[in-house]
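S.K.: Take a look at this one; I'll ask things after.
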Amino acid sequence: MTKRALRNDVRIIDTTLRDGSHAMAHRFTETQVRDTVRALDGAGVEWIEVSHGDGVGGSSFNYGFSGTDEMTLIAAAREEARQARIAVLLVPGIGTVDDLKRAHDAGAEMVRVATHCTEADVSPQHFAAARDLGMETVGFLMMAHRTDPADLAKQARIMVDAGCECPYVTDSAGALLMHEARARFEALLAEVGDEALVGYHGHQNLSMGVANSVIAYETGVRSIDGSLCALGAGSGNSPTEVLAAVFDRLGVDTGLDAGALLDAAEDVVRPYLQRWPKMDRNAIVQGWAGVYSSFLLHAERAAERYKVPAHEILRRCGELGYVGGQEDMIIDVAIGLAAERAGS
Amino acid sequence: MDIPKVPVAIVGPGHIGTDLLVKLRRSPVLDVRYVAGIVESEGLARAREAGVAASAGGVDWLLAQDPLPRIVFEATSAKAHLANAPRYEAAGIRAVDLTPAHLGPMVCPAVNGEDHLDAANVSMITCGGQATIPMVAAVSRVTPVPYAEIVASIASRSAGPGTRANIDEFTHTTGGAVAEVGGAARGKAIIVLNPVEPPMIMRDTVFCMIGADADRAAITASVHDMVLRVQEYVPGYTLRAEPQFDEPTDEWGGHARVAVFLEVKGNGDHLPPYAGNLDIMTAAAARTGELMARAELGALA
Ligand SMILES: NC(=O)c1ccc[n+]([C@@H]2O[C@H](COP(=O)([O-])OP(=O)(O)OC[C@H]3O[C@@H](n4cnc5c(N)ncnc54)[C@H](O)[C@@H]3O)[C@@H](O)[C@H]2O)c1
């Protein structure tokens with residue numbers, strides 16, 4: 001496989017309209033999507049990810065039903081984009097190749113296939129389908145803190161051999177400290193760097209997203225995720241506007257217009273934010289205890305329903321080692337905590 | 001005088017086939033006469049140790065035996081079953097299919113075990129289907145269920161290479177069976193693999209959309225009854241909590257929701273207890289085979 005040529009020194013993929021879907025409880029409207037895409041497109045962003053937060057097919061009781069059908073949102077984004085292209089997320093076990101085909105029909109040209117960091121061997125079926133559709137491919141190794149760098153590199157190898165053009169160190173819990181992130185970047189680059197790009201997707205739970213992005217670039221990572229206003233699960237993602245400003249200061253060419261992104265964040269995204277992702281107690285606990293960031297809103301809801309603190313639910317989820325997709329276990333944990341309290 | 005038993009065979013002496021052998025040998029109505037594989041394996045050796053005729057000669061060997069089995073339990077692969085099924089049928093042998101081939105009607109013993117007693121071929125759906133469909137059926141027999149969704153979490157170590165290579169098959173088949181066998185108008189299935197050590201015991205969550213004024217006490221009672229029915233063949237099938245009812249919301253189109261949280265602990269016959277997903281499959285297959293055999297014996301009597 002030959003490595004994709006880059007348009008700039010580094011490729012910034014914006015996930016406001018996908019990871020941000022978690023923070024919006026999956027209720028993005030078509031107008032919000034169009035406005036955001038127009039602003040990102042005008043600021044020079046090359047790839048814009050749009051879909052339910054848990055990927056295509058994610059609309060469900062377990063993760064939350066989409067307010068607007070994601071295929072409608074993808075098609076609207078595609079229509080609005082002048083130079084930017086549309087990416088979608090697909091989590092095998094939740095979404096299927098059928099969902100991917102629908103997203104492709106709606107205008108998506110890249111898929112990011114996401115598995116837990118030790119389970120890459122559920123992805124080949126989806127990479128093969130994506131390549132058949134002529135889509136560009138990225139592989140998310142989620143909760144990358146949950147395995148060591150050498151094993152993460154082996155998992156990246158499985159994805160690359162299956163047709164993935166860019167495996168990602170995906171720090172779903174926002175748990176990776178700088179040295180831990182660096183070790184993983186280096187391991188992936190050593191294993192697949194000759195054939196594939198390597199990427200980084202950060203969360204701000206411990207405030208590491210931007211710092212780790214700089215380390216990523218220094219190490220040789222060439223695909224980095226951001227979200228406007230950090231809009232994403234947990235305390236959100238590395239803010240795209242901050243990444244643009246920081247890389248500009250470093251003299252790294254991202255192809256992004258930092259001023260236009262600041263305007264986009266301030267004038268387009270901020271007015272529709274229901275919550276500005278922040279480092280509050282619950283989100284910090286997620287980074288600290290290594291909990292999947294998307295659990296946040298679900299834990300808050302279960303906390304209200306069962307009258308137990310959300311941060312205790314999240315901590316317990318960390319102790320039990322729950323992974324992305326197990327949102328149902330949040331309710332189970334809350335019921336258990338409520339019973340413990342009643343018993344004591 | 002001995003109660004007559006129905007002669008049966010296992011084809012595919014891998015993990016599933018070996019666990020099934022242990023279960024079938026306990027059956028009062030099934031007599032495991034043959035185990036067929038295609039390569040010499042630990043599974044064949046175990047069968048011989050147990051005094052069962054076993055060969056790596058595959059279906060050719062099996063069909064040359066006298067007497068022929070009345071029922072074959074197939075635990076090979078979907079592809080192998082597609083090739084073998086017509087040969088069984090031609091020989092008048094019925095098949096209980098544990099692979100994802102899905103040639104015959106889908107059977108979940110606690111729900112529709114009596115409905116296909118004379119089918120030539122029955123499909124055991126999927127592990128997640130066996131675990132969750134009884135709960136969907138428990139709700140749908142009390143009140144209409146416009147939509148049901150199941151989430152199966154299994155230990156990474158219990159997911160075989162076949163399951164991993166074609167995880168979409170699980171999603172499609174289970175989602176379809178949640179509707180078709182479970183009685184929901186629409187079904188969706190999600191599967192999550194978790195590598196935590198020590199391995200997690202299989203967990204399943206069943207969400208059913210119900211009417212705002214559905215009879216909640218009747219649903220709860222029906223769920224408890226159904227758990228008892230499944231426990232007859234999977235003793236480790238338990239509720240983690242009482243069914244949870246959530247009030248109607250706009251997001252749910254004005255419907256309410258009932259959620260059932262399950263744990264499925266295996267019997268530890270050949271596979272470890274955490275692999276409840278594999279155990280419920282072999283247990284359901286054994287149960288289905290017994291129901292078919294009892295029907296045959298009843299017809300003879
Ligand atoms: N592992 C799971 O999660 C799971 C759950 C439910 C159902 N299943 C299904 O059960 C089946 C068996 O799974 P497993 O984990 O035991 O696999 P396995 O690979 O351990 O066992 C398969 C066995 O079948 C034998 N075999 C293959 N082709 C044959 C043929 N033509 N004739 C006779 N024997 C043949 C193999 O040699 C092997 O011994 C698969 O279809 C699988 O999809 C698996």
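Cβ atoms are placed via backbone N, Cα and C, with glycine included.
The domain 'Semialdehyde dehydrogenase NAD-binding' annotation in TrEMBL covers B:7-119. Positions annotated as active site, acyl-thioester intermediate by TrEMBL: B:C127. Sequence annotations record features per position, and here TrEMBL assigns NAD(+) binding site to B:S158, B:A159, B:G160, B:P161, B:G162, B:T163, B:R164, B:A165, B:N166, B:N277.
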S.K.: Note the mean pLDDT of the domain 'Semialdehyde dehydrogenase NAD-binding' (B:7-119), expressed as a whole number.
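M.R.: Summing pLDDT over the domain 'Semialdehyde dehydrogenase NAD-binding' (B:7-119) and dividing by its length gives 97.
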S.K.: Filter the binding-site residues B:G160, B:R164, B:N166 down to the ones with a Cβ under 8 Å from chain A's Cβ atoms, keeping sequence order.
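M.R.: Only B:R164, B:N166 pass the 8 Å Cβ test.
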S.K.: I'd like the Cβ neighbour count for B:G160 (NAD(+) binding site), meaning other Cβ atoms within 10 Å of its Cβ, all protein chains included.
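M.R.: That number is 12.
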S.K.: Around B:R164 (NAD(+) binding site), how many other C-beta atoms are within 10 angstroms of its C-beta?
M.R.: 20
S.K.: To the nearest Å, how far is the Cα of B:G162 (NAD(+) binding site) from the Cα of B:C127 (active site, acyl-thioester intermediate)?
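M.R.: Checking the Cα atoms of B:G162 (NAD(+) binding site) and B:C127 (active site, acyl-thioester intermediate) gives a distance of 13 Å.
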S.K.: May I ask for the distance between B:G160 (NAD(+) binding site) and B:C127 (active site, acyl-thioester intermediate), taken between their Cα atoms and rounded to an integer number of Å?
M.R.: 12
S.K.: Would you pick out, from the binding-site residues B:S158, B:N166, the residue whose Cβ has the largest number of other Cβ atoms within 10 Å?
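M.R.: Per the Cβ count, the most surrounded site is B:S158.
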S.K.: In this structure, which of the recorded positions B:C127, B:G162 has the fewest other Cβ atoms within 10 Å of its Cβ?
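M.R.: Checked B:C127, B:G162; of these recorded positions, fewest Cβ neighbours within 10 Å: B:G162.
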S.K.: Using DSSP, how many residues in the domain 'Semialdehyde dehydrogenase NAD-binding' (B:7-119) fall into helix, strand and coil?
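M.R.: Per-class counts: 42 helix, 24 strand, 47 coil.
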S.K.: Are any of the binding-site residues B:G160, B:R164, B:N166 near ligand 1, with a Cβ under 6 Å from it, and if so which?
M.R.: B:G160
